[in-house]
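Novice: Structure incoming, see below.
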Amino acid sequence: MTILHMDMFLPFILLSLTQGSICIKANAQSCGDCIQVAETCGWCSDENFLTVGESKSARCDDLESLKKRNCNVTKIENPRGHITVNKNKPVTNRKKDGAEKLKPEQITQIQPQKLTLTLRSGEPQTFELKFKRAEDYPIDLYYLMDLSFSMKDDLENVKNLGTDLMREMQEITSDFRIGFGSFVEKTVMPYISTTPARLSNPCTGNQNCTSPFSYKNVLKLTENGDEFNRLVSQQQISGNLDSPEGGFDAIMQVAVCEHIGWRNVTRLLVFSTDAGFHFAGDGKLGGIVLPNDGKCHLENNAYTMSHYYDYPSIAHLVQKLSDHNIQTIFAVTEEFQPVYKELKNLIPKSAVGTLSSNSSNVIKLIIDAYNSLSSEVILENGRLPEGVSINYKSICKNGVEGTGENGRKCSNISIGDEVSFKISIESQKCPSHGKSEVIKIKPLGFTEEVEVVLNFICDCQCAAEGQPNSDVCHNGTFECGACKCNEGRIGRLCECSKDEVRTEDLDANCRKDNGTDICSNNGDCVCGTCECKKRENPAEVYSGKYCECDNFNCDRSNNKLCGGHGRCECRKCICDANYTGSACDCSLDTSTCLAKNGQICNGRGTCDCGNCKCTNPKFQGPTCEICPTCPGVCTEHKDCVQCRAFDAGEKKDTCKQECNYFELKMVKDREKLPQPTDQSFPLTHCKERDANDCWFYYTFAIRNDTKEVYVVENLECPAGPDIIPIVAGVVAGIVLIGLALLLIWKLLMIIHDRREFAKFEKEKMNAKWDTGENPIYKSAVTTVVNPKYEGK
């Protein structure tokens, strides 16, 4: 009985062909292992769920299969992930001309600000992130300028930049601050000349230049444009020996030093130069081998470690600029546009503008670059924990959607526009430490960010209720309806030590009828109990106390197990209703044998397995409706209808004996005959001809096993021939034929005469003789000459 009970549920395993097969293949030994396989896998914690021959891993299956295998729904462990929004401050609707003056930290451009995601392996959690570009958002702009000798004329134009730029930026924001810094080069050979004279004045001729320096913070960020103009006016040009400048040292210090005075607002760094740049590795020329440490080294607003640390690498700069939310604008001359455009492609949220030879267009360049940078939002996230993936989908302006890498960004965003992003985070496995992780998502160039706390579902809730050293388990913990064995113990109840697994005494319990095969060669003997093998196809299952049963070795029909109309239980087909046979290939349904007249096989056979078997071999067809050697219905009944309706025909003398098998009804004309559309039973219309070539019409039908014949009273006989038209037609035909023959003869004679005349004319032209003498003329005078006469 126990084995049959188990086999009743085996067919349901056949439904586990997709996700179910994944769950079964995983061979999970605990609930925690099971839920890590796939999001559709569940664990049945019912103590009595498993039957003889099933291993512990059979508790792990897809949800539908567990229900169909009669696992109580309340006993199915299937924890689900969820999202909790911890901080959801709405985005700020701020107007530039509004009376309310907000501090930068009071402005919100991204929503929500903090979430907690509870993740289960294989189950993505998706949330929506909104971004709205706020109006009148504060801006900090730091102008970093190359003060090598080639930038002399540029410095003159920048001296009034403070007030002019302040005035232009008032159109964008009422909260604007500006700062200024300058750079030249590392103060070691071979970048500069270290002779005392060149150190005091690196310029040639009568040029008065200041001593070389690496980087100076001339003015930290301030709202005072006049102060900017005053301090910049005091700056002097310097000089160096090589063309590339040490701008990367300056950018690094601007990014990491608090002396600059950055606020948590939009941060812009304008880098102005007419030359290229040194980067990591170039310091070796001056004997500098220590990599740049990425820390602030300003003393008295001057970079003091340029001789000690190498130039930073591009990747190092990208990291620091991103960490400090600084957007870079490269204002460079036309000559170096290609170089800095390549650099722009490596630094996110950066722009390149063409600087005129004397920097006269610098304000327009800054405004255009700012508008370009601020019109695009690009999301980035911090380092993801191992096994965690993130996917973005953008819903931008006018409903334009982006996926993949384009799902991270939206372009052409104007002030006040709101865009959104669908962000899906999925974990493929639990972290080894099992603790929470935090990732941060933020738009590049903005200080605001979204904090996402990740909690991982690594075990089932029922595991917390486990009973260590339970009486049910020998040296194990009873949790989630099964025993979780201690180290070194195995078996469903942890009843065996690993050292006892293959003893002869235990193996004897796994042999059916004291045979030689352990577990019928279809399983392993574990602690004296058979645990059946799993086949490559998870839908195919061994079962039984000795694994002697399976659900795939039954008879087949049409290449289908049990004909597709039953289930295989212990190598025997259990057929569905209305099916029988060893392969469930015999249908008990007679609907397929019903003929059009409602009779089974037209009353000429029996219905066997859904197919008609005709009792009379002359009948054929799906319902014995075809008889190739039989006359038709009309021909079959013609003589009887003729003798009974008109007292004529071949059966006139035997009509009473042979033709009483139907009811005869006479009607006046053909319109009175029954019509097929009026009847609920088969009806045949007939038209037959008698010996006098007269037609008679009738119908033959079978209603309630009674044969009915309706006959039209009057015969339709053909009328006799009209002799006069026939004779006239024959005479006219003969005359016409004679005339036609005469005309043909006349035509042939004309053709012949013309041909003969043409032939004569041709011969006449070809004749050759002397036309002066008649060729057939003979003279009447004959002259005879004497041969002896000599004319004397």
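Placed from the backbone N, Cα and C atoms, the Cβ positions cover glycine too.
TrEMBL: automatically predicted annotations, no manual curation.
From a predicted model like this one, the values you see are computed outputs, not experimental measurements.
The signal peptide annotation in TrEMBL covers 1-20. Per TrEMBL, the feature domain 'Integrin beta subunit VWA' maps to 30-460. For Cys44-Cys60, Cys203-Cys209, Cys430-Cys686, Cys473-Cys483, Cys496-Cys510, Cys525-Cys530, Cys527-Cys562, Cys549-Cys554, Cys575-Cys584, Cys586-Cys593, Cys609-Cys655, Cys627-Cys630 (among others), the entry in TrEMBL reads disulfide bond. Residues annotated as domain 'Integrin beta subunit tail' in TrEMBL: 634-722. The transmembrane segment annotation in TrEMBL covers 723-745. Annotation source TrEMBL lists domain 'Integrin beta subunit cytoplasmic' at 746-792.
Where in this structure would I find these features, and how exposed are they?
Specialist: Around Cys44 (disulfide bond), the same-chain residues at least 6 positions away in sequence with a Cβ under 8 Å from its Cβ are Arg59, Asp61, Leu66, Arg69, Cys71, Lys75, Ile76, Glu77, Gly481.
All protein chains included, Cys209 (disulfide bond) registers 20 other Cβ atoms within 10 Å of its own Cβ.
Around Cys430 (disulfide bond), the C-beta neighbours below 8 angstroms that are at least 6 residues distant in the chain are Gln36, Ser121, Gly387, Phe456, Ile457, Cys458.
Of all the Cβ atoms in the protein chains shown, 24 others lie within 10 Å of the Cβ of Cys473 (disulfide bond).
Here Cys562 (disulfide bond) comes close to Cys554, Asp555, Arg556, Cys568, Cys573, Ile574, Cys575, Ala583, Cys584: these same-chain residues lie at least six apart in sequence, with C-beta atoms under 8 angstroms from its C-beta.
Same-chain residues at least 6 positions away in sequence with a Cβ under 8 Å from that of Cys586 (disulfide bond) are, in sequence order, Tyr579, Thr580, Asp608, Cys609, Gly610.
Around the Cβ of Cys609 (disulfide bond), a 10 Å sphere holds 15 further Cβ atoms from the protein chains shown.
The Cβ of Cys627 (disulfide bond) lies under 8 Å from the Cβ of Lys618, Phe619, Gln620, each on the same chain and at least six residues away in sequence.
Note on the domain 'Integrin beta subunit tail' (634-722): DSSP counts are 23 helix, 29 strand, 37 coil.
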Novice: Far apart in sequence but close in space: which same-chain residues, 6 or more away, have a Cβ under 8 Å from Cys483 (disulfide bond)?
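Specialist: Within the chain, Cys483 (disulfide bond) has Cβ neighbours under 8 Å at Lys56, Ser470, Val472, Cys473, Gly476, Thr477, Gly491, Arg492, Leu493, Cys494.
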Novice: Go through the disulfide-bonded residues Cys60, Cys209, Cys593, Cys630, Cys655, Cys686 and tell me which ones have a CA within 10 A of the CA of Cys510 (disulfide bond).
Specialist: none
Novice: Say we define neighbours as other CB atoms within 10 Å of the CB. Which of the disulfide-bonded residues Cys525, Cys549, Cys584, Cys593, Cys655 has the fewest?
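Specialist: Counting other Cβ atoms within 10 Å of each of the disulfide-bonded residues Cys525, Cys549, Cys584, Cys593, Cys655 gives the minimum at Cys655.
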Novice: Which disulfide-bonded residues are spatial neighbours of Cys496 (disulfide bond) here, meaning Cα within 10 Å, out of Cys60, Cys209, Cys527, Cys530, Cys686?
Specialist: Cys527
Novice: Out of Cys60, Cys527, Cys554, Cys630, Cys686, give me whichever of these disulfide-bonded residues has the highest number of other Cβ atoms within 10 Å.
Specialist: Cys60
Novice: Fill in the CA-CA distance, Cys655 (disulfide bond) to Cys549 (disulfide bond), as an integer in Å.
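Specialist: Just about 71 Å between their Cα atoms.
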